[in-house]
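To start, the structure itself, in structure tokens.
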Amino acid sequence: MQLNSTEISELIKKRIAQFDVVSEARNTGTIVSVSDGIIRIHGLSDVMQGEMIALPGNRYAMALNLERDSVGAVVMGPYADLAEGMEVQCTGRILEVPVGSGLLGRVVNTLGQPIDGKGEIENDDFSPVEVIAPGVIDRRSVDQPVQTGYKAVDSMVPIGRGQRELIIGDRQTGKTALAIDAIINQRNSGIKCIYVAIGQKASTIANVVRKLEEHGALANTIVVAASASESAALQYLAPYAGCAMGEYFRDRGEDALIVYDDLSKQAVAYRQISLLLRRPPGREAYPGDVFYLHSRLLERASRVNEDYVEKFTKGEVKGKTGSLTALPIIETQAGDVSAFVPTNVISITDGQIFLESNLFNSGIRPAVNPGISVSRVGGSAQTKVIKKLAGGIRTALAQYRELAAFAQFASDLDDATRKQLSHGEKVTELLKQKQFAPLSVAEQAVILFAVEFGYLDDVELSKIASFETALLDYSNRNHAEFMQELNKTGNYNDEIKDTLKSILDGFKANSAW
């Protein structure tokens, strides 16, 4: 068989037409050193700050130091098998985590991967972990309450939707217990919750998850776990990942509550990363931008207005505001609130709940110190009935503390002073509350009414706890309809005042104290 020149030329033309070459430009580099979870890379000329760098074995590192001839990056996960000379490449993306309702009821790691053994999470939405906080024009003032269920908190340091309220205290003073009870109290409020555990023991996190499940709050909660066994990079990024998950609800006109437990450990993880990257240390060896570490996180907690939600959802949600309320936790050393990280976070947040080890050890739990605990914006969000009835609580406690210190040195006291001391002791006793026993607005109102209008004056100090239990049982059993209505509205007027008075009068008439 012979081919003529025309056929050959046609065949060549056909082959040339079918020839397809795809050229792909990739920005690659080479690892030049690996140490303590930090890798130095040579050759990545176009890398961005915070960009994800693809490593061998389906892992990623995050570029943090951009130097003249190398890039310092922190590895997200195990790094023992990484070696000098390995090739890495830019991805052109910053870190994103899955967000959405599919994560509710699940325990995930910093990267949003499930670690609870319940299978994959069905999810299509992703959000960057670093997002600029809403601007001043997009925000709305805080005027709706977040009920924690604690008498001491809801009456003296109320929290509003969109507020940042710091929980600060030494170790073992009930900081996590307070935050977990606040989450449990939201199970029927419609507020979605995110609990971010940073640098805690895995057994402690498992215990928290079990308690949330026992009290029916896990289905409404996302748990982001970066335990003590995780790398410093994952502990540093966990709060930002949790915040991105909370912002999903805020930006769609819903309300969310996020607990960061705790930001002291995040600051330590960031200090570790910064020192390994050879960044210059500052006060207490923290890097110079440790304030910015927390401010850019906590500024993302806010209440946004209807226009913001409508613009974000492209008109799907109208006439709704969204909020993300933050409860950051800070652990102090020997009650020193003037240390670097505590003062930073106090200055960023809208108030603080200070828990004292002396109060905790003397049996006053929650160990809230009313003298230095404050809520800067929560007062305008407080439920009307609680606001009206709780006015005398803080004053009574302040006078009691002052007189108690004086009474230690004075032997004979006049009747007015004795009366004030007795009242202060009873109020202190009444504000005690067990864990996992949050109270509704109506239940708190009944108790505060009893304090405000002298129904405790003839009750012995040792019987205060049983008086409270019996009073709540009587109110819920005999006035269920009124209690439900008060929970719904939270209003206070002459009619409600008369009803509360009749409840207390009826209770005192039927039982002797």
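From the backbone N, Cα and C atoms, a Cβ is placed for every residue, glycine too.
Small disclaimer: the values here were computed from a predicted structure and weren't measured.
Database features (Swiss-Prot):
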| type | residues | note |
| --- | --- | --- |
| BINDING | G169, D170, R171, Q172, T173, G174, K175, T176 | ATP binding site |
| SITE | S373 | site 'Required for activity' |
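Structure coloured by features recorded in Swiss-Prot.
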residue	record	DSSP class
G169	ATP binding site	strand
G174	ATP binding site	coil
S373	site 'Required for activity'	coil
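The ATP site is set by G169, D170, R171, Q172, T173, G174, K175, T176; from the centre of their CB atoms, other residues of the chain with a CB within 8 Å are E331, L355, S357, F360, A367. Spatially close to G169 (ATP binding site) yet at least six residues away along the chain are K175, E331, T332, F354, L355, E356, S357, A367, judged by Cβ distances under 8 angstroms. Between the recorded positions T173, T176, S373, T173 has the most other Cβ atoms inside 10 Å of its own Cβ, all protein chains included. Take the binding-site residues R171, K175: by the count of other Cβ atoms within 10 Å of each Cβ, the lowest one is R171. Taking the Cα atom of each, T176 (ATP binding site) and S373 (site 'Required for activity') are about 17 angstrom apart.
Rounded to a whole number, the C-alpha distance linking T173 (ATP binding site) with S373 (site 'Required for activity') is 15 angstrom. In this structure, the CA atom of G174 (ATP binding site) is 15 Å away from the CA atom of S373 (site 'Required for activity'). Taking only the Cα positions, the spacing between Q172 (ATP binding site) and S373 (site 'Required for activity') is 18 angstrom. Other C-beta atoms found within 10 angstroms of the C-beta of D170 (ATP binding site) number 18, with every protein chain shown included. Of the recorded residues, S373 (site 'Required for activity') and D170 (ATP binding site) place their C-alpha atoms 15 Å from one another.
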